[in-house]
Amino acid sequence: MTLALRYKRVLLKVSGEALMGEQSFGIDVSVADRIASDIAEVRKMGVEVAIVIGGGNIFRGVAVASHGGDRVTGDHMGMLATAINSLALRTSLTKLGVETVVLSAITMPQICESFSQRKAMSYMNQGKVVIFAGGTGNPFFTTDSAATLRAAEIGADVLLKGTQVDGIYSADPKINSTAKRFDQLTHVEILRLGLSIMDTTAVTLARENNIPIIVYSIHEKGGLTKVLNGTGRFTVVSE
């Protein structure tokens with residue numbers, strides 16, 4: 001059985017930094033378009049797709065706290081950054097004819113709909129791509145935690161994390177050339193080894209809800225399809 005058949009509904013986590021491309025800030029529209037093209041390709045395979053995007057290309061809440069500011073306000077600013085990125089990716093998907101809706105954990109009715117689990121499930125059952133903005137809607141939680149939470153809420157078969165590298169390493173391979181790459185890990189091993197691919201809350205939530213995680217490079221065109229076909233280069237996290 002192929003991974004495409006095993007994974008009918010997926011939650012894709014995309015970092016905000018992935019949208020920057022070669023820029024140092026903001027959104028590279030050509031990168032957003034390429035990511036959207038990969039998503040459109042897997043939709044044609046019949047895979048239901050939901051997405052959570054980070055906001056680090058625009059703002060990080062911890063930046064405020066590190067300079068003596070209020071962390072809660074900083075995190076709220078970060079949530080708004082995820083909304084900007086979500087609208088950008090929706091625009092790229094819409095250009096390809098992919099019906100897409102943005103649901104936000106923080107209310108902004110003039111811009112997008114508010115999140116509810118029932119609404120998200122309804123849209124996914126209609127074949128629409130659903131993008132979750134605003135993180136969890138609460139400060140002190142990362143968008144990785146938001147992605148795991150939404151994956152649990154919609155009953156996703158797997159959490160796919162598109163990153164800057166092709167899997168999970170013992171250290172940043174761009175800095176440490178001797179970093180060990182893992183093909184397979186358990187949630188417990190990630191926690192025990194202190195691997196920084198996701199925060200502890202996200203990994204624990206995935207483990208408690210039996211959600212496997214696949215980590216792959218978001219930068220390879222067609223990489224998402226390869227992952228779902230089981231032919232790509234990635235790391236699988238499961239019990």
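A Cβ is built for glycine as well, from the same backbone N, Cα and C atoms used for every other residue.
Values in this document were obtained by computation on a predicted structure and should not be read as measured data.
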Residue in Gly55, Gly97, Gly162 which Swiss-Prot records at the UMP site where Asp75, Thr136, Gly137, Asn138, Pro139, Phe140, Phe141, Thr142, Thr143 also bind: Gly55
Recorded ATP site residues Lys13, Val14, Ser15, Gly16, Gly56, Arg60, Thr163, Gln164, Tyr169, Asp172, farthest C-alpha pair in Å: 24
Rounded Cα-Cα span from Gly55 (UMP binding site) to Lys13 (ATP binding site), Å: 12
Pairwise C-alpha maximum, in angstrom, for the residues (Gly55, Asp75, Thr136, Gly137, Asn138, Pro139, Phe140, Phe141, Thr142, Thr143) that bind UMP according to the record: 15
Separation of alpha carbons, Gly56 (ATP binding site) and Asn138 (UMP binding site) (Å): 17
Separation of alpha carbons, Gly55 (UMP binding site) and Thr163 (ATP binding site) (Å): 14
